[in-house]
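The next block holds one structure in the form of structure tokens; read it before the comments.
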Amino acid sequence: MLGIWTLLPLVLTSVVRLLSKCVNAQVTDINSKGFELRKIVTTIETRNLEGLHHEGQFCRNPCPPGERKARDCTVNEDEPDCVPCQEGKEYTDKGHFSSKCRRCRLCDEGHGLEVEINCTRTQNTKCRCKPNFFCNSAVCEHCDPCTKCKHGIIEECTLTSNTKCKEEDSRSDLLWLCLLLLLIPPIVYVVIKKACRKHRKENQGPHESTTLNPETAINLSDVDLSKYITTIAGGMTLSQVRDFVRKNGVSEAKIDEIKNDNVQDTAEQKVQLLRNWYQLHEKKDACDTLIKGLKTAGLCTLAEKIHAVILKDITSDTENSNFGNEVQNLV
């Protein structure tokens, strides 16, 4: 009897250990199943985020780079109907569900930019600074001209940094100061004389400043400016274009809309703003309004350039027309 009471604690200890192992095994199995379930749910959620997009119906996959969605999916998890973007004008650089491609960037020569890599269906245009221009910001919307050194160069101008110039010594500074003091009076005289001459020419009026006949003057007021819009935009800054169209009837809402449609492309913003102004103004007297607006903004050189180009085109068209009439008369 005493032997039984001695063995009883050992038996109870073994039973407790066995029950503990069973419980731990069940808990481990439950945790393992819970982990697998969470893994499946995570996989499904990831698939939903990466491969599905709700727009009408669930499309299984996005359109690849260089293409856009032609129409919405009609059946859940159907393959989308994708069509290529317009080569050289539009692109998409990653998979997406949009029905539109992005417009290619334009490198604005007026801001010192040129094309480094042309736009393709899968890659936007890459711009760089023109020779003798630089840009030291992360995103370049315009490049600045390199400084020209008068007294020697320490570091040459690069695409990302301006020229570093040597400084002039104090004796040279004193010499230049004396020369400058001697030159100031004649320079002031010449400037004043030119300003007075220019003022007199401007007050002469259009009939005295041009030799065009009345027929040509009438045609100038009705000239079609649409083919000159790009040239005009290239000679103006974005702020100058906005100020001009704002003063000539384009609403702030339209200006903001064009800005938002072309956030990264200032050259396209200028072109679209001028085209919108021209559509609102129509052809009648648009040329005169433009020339006066450019002169008011201090862009007299650009105004004269555009005026000369238009007159040249009109003269050429008139000569061709007269030649054709003479040929018909001879026949």
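Glycine is treated like the rest: Cβ placed from N, Cα and C.
Feature annotations, reproduced from Swiss-Prot:
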DISULFID  C59-C73  disulfide bond
DISULFID  C63-C82  disulfide bond
DISULFID  C85-C101  disulfide bond
DISULFID  C104-C119  disulfide bond
DISULFID  C107-C127  disulfide bond
DISULFID  C129-C143  disulfide bond
DISULFID  C146-C157  disulfide bond
DISULFID  C149-C165  disulfide bond
TOPO_DOM  193-331  topological domain 'Cytoplasmic'
LIPID     C196  S-palmitoyl cysteine
REGION    209-313  region 'Interaction with HIPK3'
MOD_RES   T211  phosphothreonine
DOMAIN    226-310  domain 'Death'
MOD_RES   T318  phosphothreonine
Residue counts (helix, strand, coil, in that order) that DSSP gives for the domain 'Death' (226-310):
67 helix, 0 strand, 18 coil
Round to a whole number and give the Cα-to-Cα distance in Å for the pair C196 (S-palmitoyl cysteine) and C73 (disulfide bond).
71
Which of C63, C85, C101, C143, C165, all disulfide-bonded residues, has a Cβ with the fewest other Cβ atoms inside 10 Å:
C165
Taking all residues of the domain 'Death' (226-310) together, what is their mean pLDDT?
82
Euclidean distance between Cα atoms of C63 (disulfide bond) and C101 (disulfide bond), Å:
11
Radius 10 Å, atoms counted are CB only; among the disulfide-bonded residues C107, C146, which position scores highest?
C107
Least buried of the disulfide-bonded residues C59, C119, C127, C129, C149, going by other Cβ atoms within 10 Å?
C149
How big is the gap, in Å, between the Cα of C143 (disulfide bond) and that of C127 (disulfide bond), rounded to a whole number?
10
Can you grab the distance from C146 (disulfide bond) over to C82 (disulfide bond)? Cα atoms, rounded to a whole Å.
46
